[in-house]
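Input: a single structure, listed below in structure tokens.
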Amino acid sequence: MAKKRARVAQDLSHKSKKRQRVEATGDDGEIVGIDQLDWKEVALPDRLEDAEGFFGLEEIDGVDLVRPIGNGEIKFKAARNRVKKNVANSISSNTEHEAGEWSGISDDEEPADDRVHSSKGKQTNVDKIETKEDKEKKSKKQSKKDLKLIDAEIQRKKKPAPKHDIQSGISFEALEEEVDGDEVDVSGWDPLGISAEIQTSLSKLRFAKPTPIQTACIPLIASGHDVVGKASTGSGKTLAFGIPILEYYLKNRREEPVQHNDAELSSKYPIALILSPTRELAHQLSKHITALCTNAPNINARIALLTGGLSVQKQQRVLANADIVIGTPGRLWDVISTGHGLLRKFQNIKFLVIDEADRLLSEGHFKEVEEILTALDRKEIHHKVTADSESEDDASRESPRQTLVFSATFHKGLQQKLAGKGRYFDGDLLDDKQSMEYLLKKLNFREDRPKFIDVNPVAQMAENLKEGLVECPAMEKDLYLYTLMLYHPQHRTLVFTNSISAVRRLTAFLQNLNLPALALHSSMAQKARLRSVERFSSPTADPSSILVATDVAARGLDIKGIDLIIHYHVPRTADTYVHRSGRTARASASGKSILLCAPEEIVGVARLAAKVHASSTASSSSSSSVTKRLPLHSVDLDRRVIARVRPRVALAKKITNHALAKEKLSSENDWLRSAADDLGVDYDSEEFAEQAKGKGRGRGRGGGREAREKAAGSMTKAEVATLKAQLRELLGKRINMGVSERYLTAGRVDIEALLAVGGNKTFLGQVGELDF
């Protein structure tokens, strides 16, 4: 039976009748006035500014209100640490003086202190009783551990020492071969004056020589100029501004330790702020600059990524110690406007980079960009003028921030809608003067005339890009899209649409045809968007992967291996077409861009060709060369292939429409059921259907679509299973292109040779490639 634990006496001390001299404590509190309290100033959000004359706000806690008996002044009862120091000192001196007075003689012989000590002694005895059992248990455990350690030491001594055969004249040839395999010669970067650390990183990343935009921009940025850079997509604009930022970091913050103190964190400010129009581009910029930092020695730059869909609290913590900030305008403005002191930090940045500037600065988009730019240029009025502040202001005036602007299109006419009526600009590109006036109205440059760099003033498209046009009926775009996929079986394809609903439908349609399709649009959760991009761009992904996306993937995404771009819808603006097509043929690689054009879209396509290729067409016509490059080549698909594929597409569309209609119907029923529950009425789906049928929308706009959706959603499970079985049977066969299946040896075609050829295994027969 275990020993019963001794009980500790709770109240062993009794109050002494003799008044003792006791030190004054702040537990009881002091009665003070409102001006004697130690008020603390409340930090207001940066966005509040002066709030129409609001000067400030102070607060205090742990204070009780003491109301006077008559009409006297209201007092406050506060602890000693809530009172101002000079007031607290005077109160403590008065208290000690009063406590030191003689209080008379008591009849009690034993003082209270002795009783307290005796109670403590009893407590320590109880502790000793408990610790003896604990010590016995600990000693047993320790002895077991010691025995195990002794056995392990004996076993280690018994084992013979490993023998190493040391050979004379060790060669480092294997090490040299490994280094040569990982790194490349970067002597082409020497004229730009880049540091050895960054050259090491460029060598590991296999960037042997700079691109034209990098050669032109890096020296100007390093010398302190504002730069506006225009270059075609995939020309390396990220490194054009990333390398000078890291060079500044090496010169000023190379040996700077990581700050942990609040005062040090509050005094630190970021070096650069990089704005991006989309989350995917912001993540890509962060990935590229991080790779440049991690592969370079002595560069420990901390990069903060501020995008929507992720935790705000985590981003605020990372921002406190960041050197480079990359973000989208919406989330960046939310963090700055609700934070304390963040706006003052960002006003001290050295580099402001606006990537894809024509999109960020376009009219009617990204209102937060204007607010951010206005906040960065705002000067505080209410501050104390001291010598330190004056010196800081002088330093800020001596070294204001550099503004760096990059994009592939600066032509304002390219942002006009292609469809509809209206007056259109000519297709010529903006010259240097017009582009500078367009940007000077939006941005506050440090220099009167920033340096404008245009490495391809004539053509906006990549040199190795092939552009094609497929004319098809509007209701058969799915058929022609699937046919193009069959012509390019081992090509990584990016399909662009103008709506989110089209992305959802096409993704399900292609998946029903056993094609590895992924979706990407702005309504997806951020983790789902990142997952789609990662699966599509992974080196281990299927080489036939298809990404169906809206224009969120049109700008800045640098995914290696994209061979084909298909425009399912004609883009709304010409600059969108330029950036869509720029996802392929990047960094001297080749690629194709094919536009599916319906008869009602021919006007928009003609305007598109006039805007994008006007300068190149004019230059080619004025040249003496006989060959003239057409803007968009017409692509002719084999009609036999389209006829053979049509049954597959029809079955896949029926299955897809049924799934989408059923999903839409269930969501509508859920909404009506929840609304009926809120109103307290019974929900009957058949009654609602009868009422809707009575109203009738057969001839109105959308009536036919609703009828088709209802018919597609009313299919039974058996009918859907039958359609899937038929489609599965068709997909299991090759598309026959002129081979007799009944008499295999009667024709002039050698079927065995066709099966042995390792070409396009989708077709059975000779099918020509799409060459344009």
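Going from the start of the chain as shown, residues are counted 1 onward.
Cβ from N, Cα, C; glycine included.
The feature motif 'DEAD box', as given by Swiss-Prot for the ranges 47-50, 143-146, 355-358, sits at 355-358. Apart from ALA231, SER232, THR233, GLY234, SER235, GLY236, LYS237, THR238, the residues listed for ATP, the same chain places the Cβ atoms of THR211, ILE213, ALA408, ARG586 within 8 Å of the centroid of those Cβ atoms. With DSSP states grouped into helix (H, G, I), strand (E, B) and coil, the motif 'Q motif' (187-215) comes out at 19 helix, 0 strand, 10 coil. In this structure, LYS237 (ATP binding site) is part of a helix by DSSP. Broken down with DSSP, the motif 'DEAD box' (355-358) shows 2 helix, 1 strand, 1 coil. Around the Cβ of GLY234 (ATP binding site), the number of neighbouring Cβ atoms within 10 Å comes to 21.
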